[in-house]
Amino acid sequence: MRIAFAGTPEFARVALRQLLDAGFDVPLVLTQPDRPAGRGLKLQASAVKALAVERGLAVTQPRSLRLDGKYPDDASAAREALEAAQLDAMVVAAYGLILPAWVLKLPARGCLNIHASLLPRWRGAAPIHRAIEAGDTETGITIMQMDEGLDTGDMLLSERESIRSDDSTATLHDRLSALGGRLIVEALEAAACGGLVRRPQPAEGVTYAHKIDKAEAAIDWSRPAEEIERRVRAFDPFPGASFQQAGETVKLWRAAVAPQRGAPGTVLSAAEGVLRVACGDLSLDLLQLQRPGGRRVGARDFLAVRSTLQVGATL
(Lines of atoms letter the chains of each structure in order from A; the text may use other names.)
(Lines give C-alpha, C1' and ligand atoms only; values in the text may rest on other atoms or scores of the structure.)
Protein backbone atom coordinates (compact mmCIF):
# COMPACT_ATOMS: atom_id res chain seq x y z
CA MET A 1 0.00 0.00 0.00
CA ARG A 2 1.41 3.39 -1.06
CA ILE A 3 0.79 6.09 1.54
CA ALA A 4 1.50 9.80 1.66
CA PHE A 5 2.05 11.15 5.16
CA ALA A 6 1.14 14.69 6.24
CA GLY A 7 2.25 15.82 9.70
CA THR A 8 4.54 18.23 11.50
CA PRO A 9 5.29 17.86 15.26
CA GLU A 10 6.52 15.02 17.46
CA PHE A 11 3.03 13.51 17.72
CA ALA A 12 3.11 12.95 13.96
CA ARG A 13 6.74 11.82 13.87
CA VAL A 14 5.90 8.87 16.13
CA ALA A 15 3.15 7.75 13.74
CA LEU A 16 5.37 8.07 10.67
CA ARG A 17 8.08 6.02 12.35
CA GLN A 18 5.62 3.25 13.20
CA LEU A 19 4.27 3.19 9.64
CA LEU A 20 7.79 2.87 8.25
CA ASP A 21 8.75 0.22 10.78
CA ALA A 22 5.62 -1.73 9.80
CA GLY A 23 6.83 -1.79 6.21
CA PHE A 24 4.43 0.63 4.55
CA ASP A 25 5.63 2.34 1.38
CA VAL A 26 5.68 6.11 1.97
CA PRO A 27 6.68 7.77 -1.32
CA LEU A 28 5.91 11.31 -0.16
CA VAL A 29 5.85 13.28 3.10
CA LEU A 30 4.15 16.66 3.53
CA THR A 31 5.11 18.87 6.46
CA GLN A 32 5.10 22.53 7.43
CA PRO A 33 7.90 24.79 6.14
CA ASP A 34 11.00 25.19 8.31
CA ARG A 35 10.48 27.83 11.02
CA PRO A 36 12.83 30.07 13.03
CA ALA A 37 13.31 28.57 16.49
CA GLY A 38 15.54 28.85 19.54
CA ARG A 39 17.42 31.84 20.87
CA GLY A 40 19.23 32.33 17.57
CA LEU A 41 15.99 32.04 15.58
CA LYS A 42 17.68 29.71 13.13
CA LEU A 43 15.48 27.86 10.66
CA GLN A 44 14.54 24.49 12.10
CA ALA A 45 12.96 21.53 10.35
CA SER A 46 9.86 19.91 11.81
CA ALA A 47 10.14 16.64 13.70
CA VAL A 48 8.48 14.88 10.77
CA LYS A 49 10.89 16.34 8.22
CA ALA A 50 13.88 15.32 10.33
CA LEU A 51 12.71 11.69 10.34
CA ALA A 52 11.79 11.76 6.66
CA VAL A 53 15.24 13.03 5.69
CA GLU A 54 16.87 10.44 7.96
CA ARG A 55 14.90 7.68 6.20
CA GLY A 56 15.54 9.07 2.71
CA LEU A 57 11.92 9.98 1.97
CA ALA A 58 10.77 12.65 -0.48
CA VAL A 59 9.52 15.75 1.35
CA THR A 60 7.41 18.69 0.20
CA GLN A 61 6.63 21.73 2.37
CA PRO A 62 3.84 23.81 0.83
CA ARG A 63 2.73 26.92 2.66
CA SER A 64 -0.82 26.18 1.54
CA LEU A 65 -2.72 23.50 -0.38
CA ARG A 66 -5.40 25.87 -1.66
CA LEU A 67 -5.10 26.17 -5.43
CA ASP A 68 -6.97 29.50 -5.28
CA GLY A 69 -5.24 30.73 -2.13
CA LYS A 70 -2.27 32.94 -1.27
CA TYR A 71 0.34 30.41 -2.46
CA PRO A 72 -1.11 28.76 -5.59
CA ASP A 73 2.34 27.74 -6.87
CA ASP A 74 3.00 25.79 -3.66
CA ALA A 75 -0.38 24.07 -3.94
CA SER A 76 0.12 23.21 -7.62
CA ALA A 77 3.55 21.72 -6.96
CA ALA A 78 2.15 19.66 -4.09
CA ARG A 79 -0.67 18.44 -6.30
CA GLU A 80 1.77 17.30 -8.97
CA ALA A 81 3.82 15.43 -6.38
CA LEU A 82 0.76 13.76 -4.85
CA GLU A 83 -0.65 12.73 -8.23
CA ALA A 84 2.71 11.30 -9.30
CA ALA A 85 2.90 9.22 -6.11
CA GLN A 86 -0.12 7.10 -7.19
CA LEU A 87 -1.44 6.85 -3.65
CA ASP A 88 -3.65 4.26 -2.05
CA ALA A 89 -4.18 6.43 1.03
CA MET A 90 -2.94 9.48 2.88
CA VAL A 91 -2.35 9.60 6.64
CA VAL A 92 -2.73 12.96 8.38
CA ALA A 93 -1.52 13.69 11.93
CA ALA A 94 -1.24 17.20 13.37
CA TYR A 95 -0.29 18.59 9.97
CA GLY A 96 -1.41 22.16 10.57
CA LEU A 97 -2.81 22.94 7.11
CA ILE A 98 -6.40 22.61 5.93
CA LEU A 99 -6.84 19.90 3.31
CA PRO A 100 -9.06 21.10 0.45
CA ALA A 101 -11.45 18.76 -1.35
CA TRP A 102 -9.00 17.89 -4.11
CA VAL A 103 -6.56 16.42 -1.56
CA LEU A 104 -9.26 14.42 0.22
CA LYS A 105 -10.42 12.88 -3.06
CA LEU A 106 -7.03 12.13 -4.56
CA PRO A 107 -5.93 8.88 -2.80
CA ALA A 108 -7.88 5.76 -3.75
CA ARG A 109 -8.86 5.13 -0.11
CA GLY A 110 -9.04 8.78 0.88
CA CYS A 111 -7.34 10.46 3.83
CA LEU A 112 -7.16 8.97 7.34
CA ASN A 113 -6.62 11.23 10.33
CA ILE A 114 -5.10 10.34 13.71
CA HIS A 115 -7.05 12.46 16.21
CA ALA A 116 -6.08 12.67 19.88
CA SER A 117 -9.53 12.36 21.44
CA LEU A 118 -12.58 10.12 21.52
CA LEU A 119 -14.66 11.86 18.89
CA PRO A 120 -16.98 13.69 18.81
CA ARG A 121 -15.61 15.07 22.09
CA TRP A 122 -12.80 17.58 21.55
CA ARG A 123 -12.86 18.16 17.84
CA GLY A 124 -10.30 20.77 16.89
CA ALA A 125 -6.72 21.86 17.40
CA ALA A 126 -5.94 21.21 21.08
CA PRO A 127 -7.74 18.05 22.25
CA ILE A 128 -5.07 16.95 24.74
CA HIS A 129 -4.82 20.33 26.46
CA ARG A 130 -8.57 20.78 26.67
CA ALA A 131 -9.24 17.29 28.03
CA ILE A 132 -6.87 17.89 30.96
CA GLU A 133 -8.13 21.43 31.50
CA ALA A 134 -11.72 20.17 31.68
CA GLY A 135 -10.87 17.50 34.24
CA ASP A 136 -11.70 14.56 31.95
CA THR A 137 -10.69 11.19 33.37
CA GLU A 138 -10.23 9.52 30.00
CA THR A 139 -9.51 10.35 26.39
CA GLY A 140 -8.06 8.31 23.55
CA ILE A 141 -7.28 8.11 19.86
CA THR A 142 -9.75 8.07 16.99
CA ILE A 143 -8.75 7.06 13.47
CA MET A 144 -11.11 8.98 11.23
CA GLN A 145 -11.95 9.00 7.53
CA MET A 146 -11.52 12.68 6.72
CA ASP A 147 -14.21 14.81 5.11
CA GLU A 148 -14.41 18.56 4.54
CA GLY A 149 -15.70 19.31 8.05
CA LEU A 150 -13.67 19.99 11.20
CA ASP A 151 -12.99 16.48 12.52
CA THR A 152 -16.48 15.35 11.48
CA GLY A 153 -15.60 12.29 9.38
CA ASP A 154 -16.63 8.69 10.00
CA MET A 155 -14.76 6.83 12.73
CA LEU A 156 -12.74 3.75 11.75
CA LEU A 157 -10.96 2.75 14.96
CA SER A 158 -10.74 4.15 18.48
CA GLU A 159 -9.15 3.21 21.76
CA ARG A 160 -9.43 4.72 25.24
CA GLU A 161 -6.60 6.04 27.40
CA SER A 162 -6.97 7.03 31.06
CA ILE A 163 -5.97 10.52 32.14
CA ARG A 164 -3.98 10.29 35.36
CA SER A 165 -4.37 12.82 38.14
CA ASP A 166 -0.80 14.04 37.60
CA ASP A 167 -0.82 13.99 33.79
CA SER A 168 0.41 17.05 31.94
CA THR A 169 -0.13 17.61 28.26
CA ALA A 170 3.46 16.44 27.78
CA THR A 171 3.03 13.07 29.51
CA LEU A 172 -0.40 12.36 28.02
CA HIS A 173 0.85 13.40 24.59
CA ASP A 174 3.58 10.77 24.72
CA ARG A 175 1.16 7.95 25.50
CA LEU A 176 -1.36 9.09 22.90
CA SER A 177 1.26 9.48 20.18
CA ALA A 178 2.37 5.87 20.70
CA LEU A 179 -1.26 4.73 20.71
CA GLY A 180 -1.99 6.71 17.56
CA GLY A 181 0.92 5.14 15.74
CA ARG A 182 -0.22 1.66 16.67
CA LEU A 183 -3.84 2.29 15.69
CA ILE A 184 -3.05 3.78 12.28
CA VAL A 185 -0.99 0.70 11.44
CA GLU A 186 -3.91 -1.50 12.50
CA ALA A 187 -6.34 0.60 10.46
CA LEU A 188 -4.30 0.43 7.27
CA GLU A 189 -3.69 -3.29 7.64
CA ALA A 190 -7.44 -3.81 8.10
CA ALA A 191 -8.22 -1.55 5.13
CA ALA A 192 -5.92 -3.60 2.92
CA CYS A 193 -8.07 -6.69 3.49
CA GLY A 194 -11.44 -4.91 3.57
CA GLY A 195 -11.88 -5.23 7.31
CA LEU A 196 -12.59 -1.61 8.26
CA VAL A 197 -16.11 -0.54 9.23
CA ARG A 198 -17.01 3.15 9.03
CA ARG A 199 -19.16 4.52 11.87
CA PRO A 200 -20.74 7.98 11.74
CA GLN A 201 -19.93 10.15 14.73
CA PRO A 202 -22.74 10.53 17.28
CA ALA A 203 -24.71 13.76 17.10
CA GLU A 204 -24.54 14.06 20.89
CA GLY A 205 -21.49 14.93 22.95
CA VAL A 206 -19.80 17.28 20.48
CA THR A 207 -17.26 19.66 22.03
CA TYR A 208 -14.53 21.79 20.48
CA ALA A 209 -10.89 22.01 21.53
CA HIS A 210 -10.07 25.54 20.49
CA LYS A 211 -6.45 26.42 19.76
CA ILE A 212 -4.43 27.46 22.80
CA ASP A 213 -3.87 31.20 23.04
CA LYS A 214 -0.79 32.47 24.89
CA ALA A 215 -3.05 34.90 26.74
CA GLU A 216 -4.63 31.93 28.52
CA ALA A 217 -1.34 31.31 30.33
CA ALA A 218 -1.86 34.10 32.88
CA ILE A 219 -3.14 32.64 36.15
CA ASP A 220 -6.32 34.17 37.54
CA TRP A 221 -6.02 33.52 41.27
CA SER A 222 -9.73 34.22 41.77
CA ARG A 223 -10.56 30.93 40.07
CA PRO A 224 -10.99 27.68 42.09
CA ALA A 225 -7.74 25.99 43.09
CA GLU A 226 -8.57 22.71 41.33
CA GLU A 227 -9.30 24.55 38.09
CA ILE A 228 -5.97 26.39 38.22
CA GLU A 229 -4.10 23.17 39.02
CA ARG A 230 -5.63 21.50 35.96
CA ARG A 231 -4.66 24.45 33.78
CA VAL A 232 -1.09 24.24 35.06
CA ARG A 233 -0.90 20.64 33.84
CA ALA A 234 -2.82 21.37 30.63
CA PHE A 235 -0.41 24.17 29.67
CA ASP A 236 2.75 22.10 30.19
CA PRO A 237 4.82 22.40 28.02
CA PHE A 238 2.97 25.15 26.08
CA PRO A 239 2.32 27.94 26.80
CA GLY A 240 3.14 27.40 30.49
CA ALA A 241 0.84 28.81 33.20
CA SER A 242 2.37 32.00 34.57
CA PHE A 243 2.06 34.86 37.04
CA GLN A 244 3.81 38.18 37.60
CA GLN A 245 6.21 38.66 40.50
CA ALA A 246 8.64 41.54 41.00
CA GLY A 247 8.21 42.62 37.39
CA GLU A 248 8.99 39.19 35.97
CA THR A 249 6.86 36.50 34.40
CA VAL A 250 7.24 33.32 36.45
CA LYS A 251 6.04 30.03 34.99
CA LEU A 252 4.35 27.47 37.18
CA TRP A 253 4.79 23.84 36.12
CA ARG A 254 3.43 21.86 39.08
CA ALA A 255 1.02 22.67 41.88
CA ALA A 256 -1.11 20.92 44.48
CA VAL A 257 -4.39 21.97 46.07
CA ALA A 258 -4.16 22.91 49.77
CA PRO A 259 -7.03 23.54 52.23
CA GLN A 260 -5.95 26.94 53.55
CA ARG A 261 -8.04 29.96 52.54
CA GLY A 262 -7.30 33.63 51.99
CA ALA A 263 -7.76 36.57 49.65
CA PRO A 264 -7.09 35.37 46.07
CA GLY A 265 -3.49 35.90 45.00
CA THR A 266 -2.20 36.36 48.55
CA VAL A 267 0.94 34.48 49.61
CA LEU A 268 -0.06 32.36 52.62
CA SER A 269 3.28 30.61 53.16
CA ALA A 270 6.79 31.32 51.91
CA ALA A 271 9.08 29.34 54.20
CA GLU A 272 10.57 25.88 54.68
CA GLY A 273 10.11 24.99 51.03
CA VAL A 274 6.38 25.75 50.98
CA LEU A 275 5.09 28.50 48.68
CA ARG A 276 1.32 28.65 49.09
CA VAL A 277 -1.02 31.09 47.34
CA ALA A 278 -4.72 31.64 48.03
CA CYS A 279 -7.19 31.02 45.21
CA GLY A 280 -10.89 31.69 44.76
CA ASP A 281 -11.84 28.94 47.19
CA LEU A 282 -8.89 27.03 48.64
CA SER A 283 -5.19 27.52 47.89
CA LEU A 284 -2.33 26.08 45.85
CA ASP A 285 1.13 24.93 46.85
CA LEU A 286 3.44 26.00 44.03
CA LEU A 287 5.75 23.02 43.60
CA GLN A 288 7.79 23.69 40.47
CA LEU A 289 8.54 27.12 39.05
CA GLN A 290 10.75 28.77 36.46
CA ARG A 291 12.14 32.29 36.28
CA PRO A 292 12.87 33.92 32.89
CA GLY A 293 16.02 32.37 31.46
CA GLY A 294 16.24 29.85 34.27
CA ARG A 295 15.43 26.20 34.69
CA ARG A 296 12.54 24.52 36.45
CA VAL A 297 13.17 24.38 40.20
CA GLY A 298 11.30 23.34 43.32
CA ALA A 299 9.69 25.84 45.68
CA ARG A 300 12.60 25.67 48.16
CA ASP A 301 15.17 26.69 45.53
CA PHE A 302 12.83 29.32 44.13
CA LEU A 303 12.32 30.87 47.57
CA ALA A 304 16.06 30.83 48.25
CA VAL A 305 16.47 33.30 45.39
CA ARG A 306 13.21 35.18 46.04
CA SER A 307 14.12 36.32 49.56
CA THR A 308 11.73 39.31 49.27
CA LEU A 309 8.70 37.08 48.70
CA GLN A 310 6.89 37.22 52.04
CA VAL A 311 3.60 36.09 53.56
CA GLY A 312 0.92 38.66 52.75
CA ALA A 313 2.41 39.65 49.39
CA THR A 314 0.01 39.68 46.45
CA LEU A 315 0.77 37.99 43.15
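Any Cβ shown, glycine's included, is placed from N, Cα and C.
Keep in mind it's a predicted model, so treat the numbers as computed, not measured.
The secondary structure of Ser117 ((6S)-5,6,7,8-tetrahydrofolate binding site), as reduced to three states from DSSP, is coil rather than helix or strand. All protein chains considered, the CB of Ser117 ((6S)-5,6,7,8-tetrahydrofolate binding site) has 25 other CB atoms within 10 Å. Feature annotation from Swiss-Prot assigns (6S)-5,6,7,8-tetrahydrofolate binding site to Ser117, Leu118, Leu119, Pro120.
Annotation: Leu119 carries the greatest number of neighbouring Cβ atoms among the binding-site residues Leu118, Leu119 [cut-off 10 Å, Cβ to Cβ]. Less than 8 angstroms from the CB of Pro120 ((6S)-5,6,7,8-tetrahydrofolate binding site) sit Asp151, Thr152, Gln201, Pro202, Glu204, Gly205, Val206, Thr207, each of them six or more residues away in the same chain.
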